[in-house]
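What Swiss-Prot records for this protein:
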- Gly126, Thr127, His128, Gly129, Lys130, Thr131, Thr132: ATP binding site (BINDING)
Amino acid sequence: MNTQQLAKLRSIVPEMHRVRHIHFVGIGGAGMGGIAEVLANEGYEISGSDLAPNAVTQQLTKLGAQIYFHHRAENVLNASVVVVSSAITADNPEIVAAHDARIPVIRRAEMLAELMRFRHGIAIAGTHGKTTTTAMVTSIYAEAGLDPTFVNGGLVKAAGTHARLGSSRYLIAEADESDASFLHLQPMVAIVTNIEADHMDTYQGDFENLKQTFINFLHNLPFYGQAVMCIDDAVIRELLPRVGRHITTYGFSDDADVRVAGYRQTGAQGHFTLERKDKTLLNVTLNAPGRHNALNAAAAVAVATDEGIDDEAILRALERFQGTSRRFDFLGEYPLELVNGQSGTAMLVDDYGHHPTEVDATIKAARAGWPDKRLVMIFQPHRYTRTRDLYDDFAHVLSQVDVLLMLDVYSAGESPIPGADSRSLCRTIRGRGKIDPILVTDMDTLPELLSQALRGEDLILVQGAGNIGKLARKLADSRLQPQISE
């Protein structure tokens, strides 16, 4: 952003009084790093700490941020404010030092709310689909020439980053319900994609508490704001009478204000018609597979239509949509040397989905787009508590693939729970009689086990939210070699 653009932005968005140096504890996370990137581009001095470098910290370093790969008290002593990730505990030495020095310590969402305070905020919430929907809204606004600021939980491929500072009044952001911190946000427009029982430790195991929290989030909208909600979701349909704001619904349902009709899929593209409240139609080609992505697009179109964005810009953005990292992320089609000496090709897809509903949507999208391919899934369960709470759903959904290789549970800091481990889950799936899952307890054995499982012309789904994304890249870079045409 040049000096003239920054000056224009300053006329829209005032500086935070007395704040010059902002320190982030846990800066390597996508959400934290995205906010840090926007603030760095606004001219604030940025520092932060994390345990190891990654793409997020590398990008921030290029922008002039000081990154420490350790947690020490001295890291925060010159900061005006400390922003803390929800993964950081209160006994972290930087948090303790900040409190001792009377430096304000705030959560990530509080800083996001501050960015949103003087902007036209569009917040995307829901159990599933937040990241992709945020990217779709961003893509449409960018295509329309509105140059929005955005902060997303996943890398927006078209932009090559999780976040970017725009020159307009629009801020598009993913809103995180996992720790209820989205209640800090006060947007003008809020999308809710769906509501399911997840992160229930935050809500004391009470689903009614979770539902009421979403209603409270929507009531942060001004009375002239807009709630955009998926009416296909049974919980959202139940909650509609309790939402005291203007509502636009979307979905496949006949009574949706923005209705998806005639969906079909060819490869990675979805084709469908959107029927809007004013009876106008949009014939959409969406460069993202699956009925769930058609719903995400309908939400984005509802917001864009309300803003008055031209239909042609909407259609161009959706047809050119490049997606986000680790959301049905096509890593290439590669030749394979199989153990029987034959050759073949495998399509490699990396996907972040780690809840049964998300995994089911990925499987359905793969089946619809590539009906002749076998589905070979490498799955890493995420958290023992989620595996325990959704055990039967996982067993059902994972039984739908043709071959399943299951890694050990990615604990995310949790202690093991008896009966909520990968071995138990494999045993239960095997007992259903559809497939015989392969338990992978040693990652070094995975390439050989995968070679034995593949027949050629397969579709490999690398699925999960832990460190399995690194495995997908490793497979793409080493085990599977790109075909070289002569």
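Think of each number as a place in line: the chain as shown, counted from 1.
Cβ coordinates come from backbone N, Cα and C, glycine included.
Worth saying up front: this structure is predicted, and the values here are computed from it rather than measured.
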Assigned element (helix, strand, coil) containing His128 (ATP binding site), judged by DSSP: coil
Close in space, distant in sequence - Gly129 (ATP binding site), Cβ under 8 Å, 6 or more apart: Thr193, Asn194, His292, Leu295, Asn296
Shell list (ATP; ref centroid = CB of Gly126, Thr127, His128, Gly129, Lys130, Thr131, Thr132; cutoff 8 A): Ile124, Thr133, Thr193, Asn194, Asn296
Cβ neighbours of Gly126 (ATP binding site) where a neighbour is any other Cβ within 10 Å: 24
Candidate with sparsest Cβ neighbourhood (10 Å radius) among His128, Lys130, the listed binding-site residues: His128
The one of Thr127, Thr132 whose CB sees the fewest other CB atoms within 10 Å, among these binding-site residues: Thr127
Other C-beta atoms that fall within 10 angstroms of the C-beta of Thr131 (ATP binding site): 24
